[in-house]
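Reading through the structure tokens given below for one structure.
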Amino acid sequence: MATRSRCPRPLSLPCCCLLLLALGSPGFFQSHAVEVDVKDLSNNTCIYAKWMMSFLIKYETNSSEYKNATLKPSTNVTHDGSICGNNTHAPLLAIQFGAGHSWSINFTKTNETYQGNIISFTYNTNDAAFKDAKTKGPITIVVNDTMHPVQLNTVYKCHHLDSIEVANVSLFFWNVILQAFVQNGTVSKHDSTCEADKSTVAPTTIANLTTTVANLTTAPITTASSPLPTTTSKPVEKPLIGNYSLKDGDKTCLLATMGLQLNVSQEPVLININPKTTNVTGSCGNTSAILRLSDSNRTFIDFTFAVKNTSANTQRFYLKEVNITVIRSINGSEPFNAGNNNLSIWDTFLGSSYMCQKEQTVLVTEDLQIHTFDLRIQPFKVQDNKYAKAEECFADSDLNFLIPIAVGVALGFLIILVFISYVIGRRKSRTGYQSV
């Protein structure tokens with residue numbers, strides 16, 4: 001699970017559950033802190049929790065396109081179904097929010113420790129957030145994601161941001177305060193801090209990305225007599241080239257080869273995606289395909305491809321949309337998310353592959369760009385697990401050398417035109433001074 005924040009315990013009221021909501025920090029994944037105090041029939045606390053959470057869901061539309069929806073608990077959160085547990089039922093922490101969405105986690109224990117066990121999440125695509133969703137109604141995912149055992153009679157605290165990815169759903173957790181199996185109805189004063197929070201990380205650096213991070217340097221500590229250190233930018237290495245593929249059954253339906261580098265100008269920071277630690281998921285279709293790359297569950301990149309008709313008998317594919325989520329471990333900060341659904345690049349004939357060995361830049365937002373290296377992509381009509389004939393980008397083509405020649409010729413013609421105009425002008429001036 002994830003993340004930690006030190007907040008005061010809410011006032012106890014004589015009810016089964018006390019739920020308080022506090023507004024969280026702003027951002028794309030802006031969320032409300034959910035606070036739940038589960039009590040038994042004697043009005044004694046048995047589970048106490050306060051945490052932040054957000055959900056990123058990829059769904060298919062009626063036009064066979066794929067879009068992202070973001071869900072986060074808001075002020076209409078309820079807590080029906082939360083129980084302290086008994087001999088036949090495990091303790092359960094459950095919340096409901098929005099238009100039919102719900103989330104829950106149950107707990108188990110040994111003689112010395114307790115831990116969260118099974119997480120269940122239900123989202124309802126009848127919600128307005130899922131505009132034009134092809135499948136309507138509630139969809140449930142269940143994941144057996146056992147958290148690290150926590151000592152009984154201690155409060156688990158984790159400020160660090162973490163995520164769980166299941167199928168097309170990414171769950172984000174941070175600022176977690178939790179105690180299950182509360183003894184004598186009193187939340188413990190003893191903390192059990194997660195391992196991620198125990199690591200010492202400078203507040204201006206990004207940690208645990210498992211990607212190559214450049215352009216960030218830390219000045220060494222100096223004494224008064226020492227000369228001031230000179231900080232220089234770390235040279236940016238070219239990212240490793242990765243080979244990615246998707247299968248539909250036993251047949252390859254998408255092929256991609258590229259080196260990827262993210263340029264987050266907000267930090268600023270450059271992040272090289274490491275293909276050795278990158279997981280590949282996605283989906284194939286006749287007119288739409290998605291390639292999702294997840295680098296160590298810290299960086300998520302979704303490429304959405306589409307098919308268009310350029311004439312009666314001609315179809316082309318192109319990159320239509322890119323969505324990126326970067327989990328930044330800076331004092332438990334929220335995920336950085338950016339997207340662009342109005343792209344029209346990497347355009348080539350359907351049944352061919354697109355190739356560009358030169359570096360290209362994909363503008364996602366003003367604060368985030370993707371640099372690609374040695375790119376080759378074919379999201380449709382892959383045959384025999386091999387790329388089809390490639391259509392090269394203009395930067396790679398043999399015609400690229402004509403640009404400076406054309407510019408030089410144009411400048412030459414311009415100079416000649418100016419010279420001719422000058423000569424004609426001088427002749428007219430001399431004619432004007434002749435005697436009549």
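Residue numbers in this text run from 1 along the chain shown.
Every residue gets a Cβ built from N, Cα and C, even glycine.
The annotation disulfide bond is assigned in TrEMBL to CYS158-CYS194 (among others). Note on CYS194 (disulfide bond): other Cβ atoms within 10 Å of its Cβ, all shown chains, come to 21.
All protein chains shown were included, and the count of other CB atoms within 10 Å of the CB of CYS393 (disulfide bond) stands at 19. Residues or ranges marked as disulfide bond in TrEMBL: CYS356-CYS393 (among others).
A distance of 47 Å separates the Cα atom of CYS393 (disulfide bond) from that of CYS158 (disulfide bond). The Cβ of CYS158 (disulfide bond) has 27 neighbouring Cβ atoms from other residues within 10 Å, across all protein chains displayed.
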